[in-house]
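So the structure is just underneath, and the comments pick up after that.
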Amino acid sequence: MSELIQNVKASFEQVLGYAPSHIIQAPGRVNLIGEHTDYNDGFVLPCAINYQTVVAAAKREDNIVRVVSVDYGNAVDEFDITQAITFQQDKMWANYIRGVVKCLLARGYQFTGADISVSGNVPQGAGLSSSAALEVVIGQTFKVLFNLEISQAEIALNGQQAENEFVGCNCGIMDQMISAEGRENHAMLLDCRSLETEAVSMPEDMAVVIINSNKKRGLVDSEYNTRRQQCEEAARIFGVKALRDVTIEQFNEKVAELDEMVAKRARHVITENDRTVEAAQALRAHDMKRMGELMAESHASMRDDFEITVKEIDTLVEIVKEVIGDQGGVRMTGGGFGGCIVALVPPALVDDVKAEVEAKYQAATGLKESIYVCQAQNGAGLVEVL
């Protein structure tokens, strides 16, 4: 993170002409288990990772917000918080920031303008929530600069609202919540219905290894929407608000009445919810053998029932599983049809995992992977006062 801090400080001074007063960060995240459960009111188990979005900031006495984006060649966006805050077609990055500020104002928070320089190293397009980290770090920045009475959960909800309503992208609450509330060496069990969170301790030093298949994700939006509709149809047939409310026993009693495809989709969600709650218990007990079994079952369910994995992802999972055996776990993570796998790997096996993947994945698929070795990190907060 030190390089990011240097970059935002330098660009702040270079473009805005004076030194910032505060450094703030918010992390990206990876979901350990609980896939496609969020929009079914279910459970997820993500952790924050040591890839962050970092802001250098200072407050202004007037109502102008100026933002410098280091990652877009020091591009600048400027707006007045007393005027209508509008969507920028030609500066997509700026809309996340505008949206967060607009939503904070709509929630009744009072503040003046600010100068902000922002940069991140959360890999974009890998499904590690670079956009949520940006939304959360901006909310955190206004909290810090103006001593706003806003909880971490509300910073997360405000970010989600900005993404849904201002940017116009549908997302659940998981990404913002873990970025805002993560804890070092812990995962977070999140109930997507009540928004209750619970910190779940992880074995000390356990590496969180994320491997991007670099498979271009086609069809992901249309397939995602289809899965969502199938889950809603299943919930309707069971007469419940969401599949969260169906037990596996109830499912088995009624499975014959369901369309075969709808049944497969529903079975994934119902069993995945149970697995996620049990995974939190296994992780807390540092029972990596059981955690590994649950992650393997999750992957098989995504592959066979939810049908969202692809050959490249299955290949990566098999390569990693051979190395870690029952000392850790591995599965696809994210929406599917490409993207990443996540593995919980004992530190002593990290180099072996990397070596095996580098030796076998490209040979099998023709694609070159990207490997990120992470640790579970703290969520958003103040890094330093300058």
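Placed from the backbone N, Cα and C atoms, the Cβ positions cover glycine too.
Annotated substrate-binding residues in Swiss-Prot are GLU35, HIS36, THR37, ASP38, and among TYR96, TYR109, TYR224 the one listed with them is TYR224.
Each of the recorded positions ARG29, HIS36 was ranked by the number of other C-beta atoms within 10 Å, and first place falls to ARG29. The DSSP secondary structure for SER69 (ATP binding site) is strand. Taking each of the binding-site residues ALA126, LEU128 in turn and counting other Cβ atoms within 10 Å of its Cβ gives the largest count for LEU128.
Taking all protein chains in view, 29 other C-beta atoms sit within 10 angstroms of the C-beta of SER129 (ATP binding site).
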